């Protein structure tokens, strides 16, 4: 069972953190339900105040439980609220959630908290909070039982924090707390003895205070073998400690001094006190410190080894848990990419919309690359510290005297004079290196006591405005009315890239180091010359990054618009639109052909020679067809008589006076018709109608 629980520690890291996220969501749902019930209280009498306080207290308790679930104030909870500390499980949390869930559902037993009074949406919030709290209470209790270990004592919270390395972390912490007690055995203590009351003096009390809680004391006095003044028959004191022979020499081989020269045998004076302190330091403290150093180095090496193993175990657990999912999705992505490449249509020329976007991006890229060059006329000037080869602690007068010698006319400009008034301290110079001369000189509300005031002045025009311009460039290059549908499908992705780029830039600004890469002495202003600074580097790097990003966007547009890569299959709606467009074109072509045939027929009928030729053609065709049929002769005669009748009717129409008069007036140019333009239109119509018939 213990091995089974150890194998669950790795997946338990993921499972318990997922349960933590769900717990926080449930707590937020409970807070929302408390707010709803607070608003919907029915003021029946004066005791509604206590009901409102009850809901407020429930919301407050829920907020405290959210804090216990977050990695905040862990030392405080471990010390003062151990029920929610790292060494406790989730039983206390489960009990609190069960009580909150029951309390929330219990409030629904009143008329003012019914579905009709609260409304369906608010009623669902309240009932979902109660049910989810009770369900998650059971899940937390079950998780505590499954993921906690009895030997060694590992709680489910520690598994949630460390994962598979929880066991090593607990053992390491225990060893670090008991290093002094476990690293030294009792028999390795120096020899001790119990002094007689009349022999204890100020020196021994001082020695006791020096050694602290360790039972380290110097040896006892020598016993006289004869008269009081005879020192020739000195006998060593009797020690009860069996390990006293171990300390005849220290760990470095230095012998102990003769006990006859012990200060207890001599008259107390300054020389004896110095002698006693030196003996104590050489013979006791040095070996003791060496042993402590050795124990500490061993514990440190063991701690580092356990941390490394914990990280490896955690990585293995994550790979075991997420490996199949990542592998499956990777194989699916490879197959999709392979199918897209093999089934893509043949490459085509760049459409007009994509070509317009590429031309626009090319101009913008050239502009950005030009702005990233340090020798262009709009580049920022190097900071005065780097220009004069000075360090941060250089005096202001010396700094600007050097700057005046650097100037062409050896005179400070107006901007230099204004900057000189502000660069009077090391902190101001660091702000100058980070945010530039404009921020330091022109900010009216800034103070060196509040660095964020300079940041507020610096961000809008130096960071946010360039990113807004870059976002506008990306939006223009993916605008469908200007660049077509081939570019507009990348609009969302390019916008996301611009936002991520802005977020990264803001992060760099907030976490910047004005002297990035400098040594400790250079940062302290004691050596150096100072480098270029964050402001100079970021001002030149920002347009360069914009240009690189725009190059990538232009490449993506080119590859996708020419069907070389990133080809997207047309949707069903687009396929239907394409089919309808093709059918409409076919219908228009057929209509044009029918119209042309009708014009041909009218032209033939109205012209006498063409009409005779047409009649002769059809008479011949009719005769040929009648030969293949029975009674073909009669049919041919009837057909010929019918044709003659039609010709007679049409000739009579053209010979009527009104028709003849209208035609004469039109041909004379009095009918308002441009005959030359009409002839040109007729010729163009004939060319279009007879195209492909040769």
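The backbone N, Cα and C atoms fix where each Cβ goes, glycine too.
Curation does not apply to TrEMBL; its annotations are automatic.
In TrEMBL this protein carries:
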type	residues	note
COMPBIAS	630-648	compositional bias 'Polar residues'
DOMAIN	12-146	domain 'DUF7598'
REGION	219-253	region 'Disordered'
REGION	629-648	region 'Disordered'
TRANSMEM	21-41	transmembrane segment
TRANSMEM	47-67	transmembrane segment
TRANSMEM	88-108	transmembrane segment
TRANSMEM	120-147	transmembrane segment
TRANSMEM	357-375	transmembrane segment
TRANSMEM	455-476	transmembrane segment
TRANSMEM	496-515	transmembrane segment
TRANSMEM	535-559	transmembrane segment
Closest-packing stretch to the transmembrane segment (535-559), where packing means Cβ pairs under 8 Å, from 21-41, 357-375, 455-476: 357-375
Within-chain partners of the transmembrane segment (120-147) [C-beta distance under 8 Å, separation at least 6 from its ends]: 5, 8-9, 12, 15-16, 19, 22-23, 26, 29-30, 32-33, 36-37, 40, 89-91, 93-95, 97-98, 100-102, 104-105, 107-108, 113-114, 155-156, 159-160
Sequence-remote partners of the transmembrane segment (21-41) [C-beta within less than 8 Å, at least six residues beyond its ends]: 48, 51-52, 55-56, 58-59, 62-63, 65-66, 69-70, 93, 97, 100-101, 104, 107, 112-113, 117-118, 122, 125-126, 128-130, 132-133, 136, 140
Surrounding residues of the transmembrane segment (47-67) on its own chain - C-beta under 8 Å, 6+ positions past either end: 24, 27-28, 30-31, 34-35, 37-38, 41, 73, 93, 96-97, 100, 103-104
Proximity of the transmembrane segment (455-476) to the transmembrane segment (496-515), 3+ C-beta pairs under 8 angstroms: yes
Residues of the domain 'DUF7598' (12-146) by DSSP state, where helix covers H, G and I: 113 helix, 0 strand, 22 coil
